[in-house]
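Notes follow the structure.
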Amino acid sequence: MPKVVTLPGDGIGPEVTAAAAEVLREVAPDVHIEEHAIGGAAYEQFGDPFPQRTRDALGDADAVLLGTVGGAQNSPWNSLPRPLRPESGLLALRRALGCYANLRPVRVLPGLEHLSPLKPELARGVDILIVRELLGGIYFDGDRKIEGDTAYNTMRYTTPEVERVARVAFWAAEQRRGRVTSVDKANVLEVSELWRRDVQALRDREYRNVHLNHEYVDSVAMLIVANPSRYDVILTENLFGDILSDLAAVIPGSLGLMPSASLGDGPGLFEPIHGSAPDIAGQGIANPAAAIMSVAMLLRHGLERPQVANQVERAVALALREHPTRDLGGQADTRTFTHAVLDAMGSPSVG
């Protein structure tokens, strides 16, 4: 029996995770779902944002479904020592799972083009997957320092680090439209020269059926807004991926529509990208679409059930058209939207 660990977390996390878990139970009744604490909620209960009992539960998990972590800006959690803050629990979780590749789909669903800040003709049909390296680069290198009026950080990658995340991108492209755009700054950065060399060599050895091109990060930052439909899979390192994925996140028009997956050698981590929204927590009005679409990614990448994942995505798209949530200009609350997704699963256009 497959095991999925749910970590509802803080703010609206428990509400959207409950909605997502309800959908998961409906479409995969054989899955054992086990709930554990993380973030501020875990600190309040156990004095640790990533308690040992949560860590232990991951050992035999097939996938992890995360809600949201953190509180308001004036939350007393922000006055805690940094290792005890909710966000430290999230970082510890990612380290424990060894997640080295983040997958961020950017899709404009049919009938929802009006939500995008782009013109409808630019937004229509956008379907991008950004694959970002998560554990290396300038964010994690230990060679860093502030000394008087001088500071430095080091961007460093090795061939094995580049190849393992590139394999994820090429594999994803094989399931999609067969095109990968590798993003770097090889005209000025030696680390990008290595990145470009290793990505190209891997493609030439193992993925000759995938079309690969290389583009500079500044060019992609412009073109992903001016002509987003030109991209299929975007592969990039940690810093560039952090910026590009947040830039692309505005294209669908709401963070409430954005799921994500983080993959590594262990169970994958699946989560909506939106924050904990403490201002609306407990009111039952949070949009659970991103959490439910994270379940679709979990089914596809964590449990290898792509057909069921496709059904969930189609059901969410139908529910969004017929029962939009309040953040999208509609009236549906969390419960109403979740039921709409479950009802849509029985629609001929979904099944």
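A Cβ is built for glycine as well, from the same backbone N, Cα and C atoms used for every other residue.
Annotated in Swiss-Prot:
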- 71-87, 275-287: NAD(+) binding site (BINDING)
- ARG94, ARG104, ARG132, ASP218: substrate binding site (BINDING)
- ASP218, ASP242, ASP246: Mg(2+) binding site (BINDING)
- TYR139: site 'Important for catalysis' (SITE)
- LYS185: site 'Important for catalysis' (SITE)
Remaining residues near the recorded Mg(2+) site, that is with C-beta within 8 Å of the centroid of the site residues ASP218, ASP242, ASP246: VAL217, ALA221, LEU239, PHE240, GLY241, ILE243, LEU244, SER245, LEU247
Cα-Cα distance linking TYR139 (site 'Important for catalysis') and SER79 (NAD(+) binding site), given in Å to the nearest integer: 23
Nonlocal residues around SER75 (NAD(+) binding site), in sequence order (Cβ under 8 Å, 6 or more apart): GLY40, PRO278
Whole-number Å value for how far LYS185 (site 'Important for catalysis') lies from GLY71 (NAD(+) binding site) (Cα to Cα): 36
Distance [Cα-Cα, Å, rounded] between GLY282 (NAD(+) binding site) and ARG94 (substrate binding site): 27
ARG132 (substrate binding site) CB neighbourhood, other CB atoms within 10 A: 28
Separation of alpha carbons, LYS185 (site 'Important for catalysis') and ARG132 (substrate binding site) (Å): 15
Winner by Cβ contact number (other Cβ atoms within 10 Å) across the binding-site residues ASP218, ASP242, ASP246: ASP242
Rounded Cα separation (Å) that holds between ALA286 (NAD(+) binding site) and ARG94 (substrate binding site): 25
Set of same-chain residues at least 6 away whose C-beta sits under 8 angstroms from GLU87 (NAD(+) binding site): GLY39, PRO49, VAL69, GLY70
Spatial separation of PRO83 (NAD(+) binding site) from ASP242 (Mg(2+) binding site) - C-alpha basis, Å: 23
Rounded distance in angstrom between the Cα atoms of ASP218 (substrate binding site) and LYS185 (site 'Important for catalysis'): 8
Neighbouring C-beta atoms (10 Å sphere around the C-beta of GLY71 (NAD(+) binding site)): 21
Using Cα positions only, nearest of the recorded positions to ARG104 (substrate binding site) (PRO83, TYR139, LYS185, ASP246): ASP246
